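Working notes, structure below.
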Amino acid sequence: MQSTVFRSFVLLSCTFLGLICGTLYLYSSYSPQLALRLHYLATGSSSIALCGSLGTAVVGPLAGVVVDRNGYSAALFIGGVSIVLGYLLLKWQYDAPYSNLPFSCFDLFLVGCGSTFINSLCLKCCAVTFPSIRGVATSLPLALYGLSAMFYSVVASVFYAGDTLGFLYFLIVSLIIIFLICCPAIVQCDKRRFSKRQRTEVVEMTTFGPEPVDPLELQMHGVHHNSEISGMKLLRTPRFWLLFIITGALASLGQMYIYSVGYMVKALVIFSYELPPDVLENVHAIDILVQNQQQLQVSLLSVTNCVGRLAAGIVGDIVNKNLRKPRSWLLFLPSFGLILTQVMALNISHYEQLGPTSILTGFFYGFTFCIMPIIVGDVFGMENFSQNWGLVSLAPVAPSFYFTNLFGKVYDLRSSTGESGYTSCLLGGGCYDLVFKLSLGVGILSLLAVAMFNFGERYVASLNLYERRRSSVSVK
């Protein structure tokens, strides 16, 4: 039995490793400055963000296989090297400056890949180390994942205002320090894990099998609990595809807002400014205000993202353990919430109105990304959890790419270049409103998918029961 002190140290290490994983969300706070330095349009800047998201998604299944089969240490090494290398290349490119969009995309792709490797090992490590409080344990590293952008945004605004290069240097050094401090506990946890597997198969099944479920819980949860499912059997399961659709829809709405809010701020600040933005003496004042507002929105998104992840873990355990209900019922909350945020975004006319939308978007996005992997473990078991969650986490790739890329294209089409060479969009919310009209439809689709996941199989089962009873009556 692992000592309480060691388990606590493992939990702390996984929690602070979440700080490394979440730096990808920081991109929107410096993306306009990076684009200006390297002469990228909004579409190009959006493509860089998309490649970061692509990295987090496409390596999900591979990271899952590495964690499930090779342990935590290998994933930790791959993830740490990828993240640090990605930021080193980005810093070099900014410093040179070396304007090459595919290269910039590759930089953030590496960061995204590394984030997924470390996040996968943290989730699995916490879930199997604390099986009785799985929701709370996994919510802690996920919470710092969400809080990471806020932490670094505050540092940037206080110590590196207007110094993007200096901030990137600080970011790299801090990531290396956190990695080196947290590494020993994860490696030791790996050694203890494989030592137990060699001693007895019973311990292995206890450690990596699904959490015991009593008969009452099975009765209350019905179809929402299952035995270990993975591989091709998983792909033939309707519940997998419903979770895939829900994850893709909800995550893409959050990611589009997170990666595009920097340009939303810029459009609304210029629209709210009393003087023409292309006058040279106004450009500097506008840029300062834009950067301040960008830092504010990123901080709001980060804090509420963290709160949403903590809330999902705590409420999920309460619903599951105390109320004896499936955690999947909680998916209605982010579905309704993200529909609301799309409506709010359509009605923003001033940059000071962005705050409530950022707060709610961060909360519901964080809630989604904490509760969803726990639901995957509940429904499909923990033995192949990392692989299964890796497959589900592929869902946001296509919709996130579409919406974020569409945002950049719409913004560029509605922008113009003044006599001073300053490119801007003067339409305020009109610079991007088309995107939120389309994303509102995706939010409604997610709500329908959540309803089908929670009630669809029960409805079909009740119909089958009704038909059997009807047939038996007719025979009599």
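Heads up, the Cβ atoms here are built off N, Cα and C, so glycines get one too.
Here TrEMBL flags 9-27 (among others) as transmembrane segment.
For 47-67 (among others), the entry in TrEMBL reads transmembrane segment.
As annotated by TrEMBL, transmembrane segment applies to 74-94 (among others).
Sequence-remote contacts of a segment are chain residues at least 6 beyond its ends whose Cβ falls under 8 Å from one of its Cβ atoms, and for the transmembrane segment (106-130) they are 2, 7, 10-11, 14-15, 17-18, 20-24, 27, 48-49, 51-60, 63-64, 66-68, 72, 75-76, 78-87, 89-90, 93, 136-138, 140-142, 145, 186, 189, 207-208, 373, 377, 382, 385-386, 389-390, 393. TrEMBL lists 106-130 (among others) with the feature transmembrane segment.
When Cβ-Cβ distances below 8 Å are used as the criterion, the transmembrane segment (142-161) is approached by residues 15-16, 18-23, 25-26, 29-30, 119, 123, 167, 170-171, 291-292, 295, 298-303, 305-310, 313, 362, 366, 369-370 of the same chain, each at least six residues removed from its ends. Per TrEMBL, the feature transmembrane segment maps to 142-161 (among others).
Sequence-distant contacts of the transmembrane segment (167-187), counting only residues of its own chain at least 6 positions beyond either end whose CB sits under 8 Å from a CB of the stretch, comprise 6, 9-10, 12-14, 16-17, 19-20, 23, 26, 30, 72-73, 76, 80, 83-84, 87-88, 90-91, 94, 121, 125, 152, 155-156, 159-160. Annotation source TrEMBL lists transmembrane segment at 167-187 (among others).
The feature transmembrane segment is assigned by TrEMBL to 240-259 (among others).
If one looks beyond the transmembrane segment (329-348) by at least 6 residues along the same chain, the residues whose Cβ comes under 8 Å of a Cβ in the stretch are 246, 250, 253-254, 257, 264, 268, 312, 315-316, 319, 354, 356-357, 360-361, 363-365, 367-368, 371-372, 375, 429, 433, 436-437, 439-440, 443-444, 446-447, 450-451, 453-454. Taken from TrEMBL, the feature transmembrane segment covers 329-348 (among others).
Per TrEMBL, transmembrane segment is recorded for 360-382 (among others).
Beyond the transmembrane segment (434-455), the same-chain residues lying 6 or more positions past its ends with a Cβ under 8 Å from any Cβ of the stretch are 224, 239, 242-243, 245-246, 249-250, 252-253, 256, 260, 326, 328-329, 331-332, 335-336, 338-339, 342-343, 345-346, 399, 403, 406-407, 410. Taken from TrEMBL, the feature transmembrane segment applies to 434-455 (among others).
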Touch test for the transmembrane segment (74-94) and the transmembrane segment (9-27), at least 3 Cβ pairs under 8 Å:
yes
Sequence-remote contacts (6 or more beyond its ends) of the transmembrane segment (360-382), Cβ cut-off under 8 Å?
123, 127-128, 131, 134-135, 138-139, 142-143, 146, 208-211, 224-230, 234, 237, 239-240, 243, 246-247, 250-251, 253-255, 257-258, 300-313, 316, 320, 326-328, 330-331, 333-334, 337-338, 340-341, 344, 388-389, 392
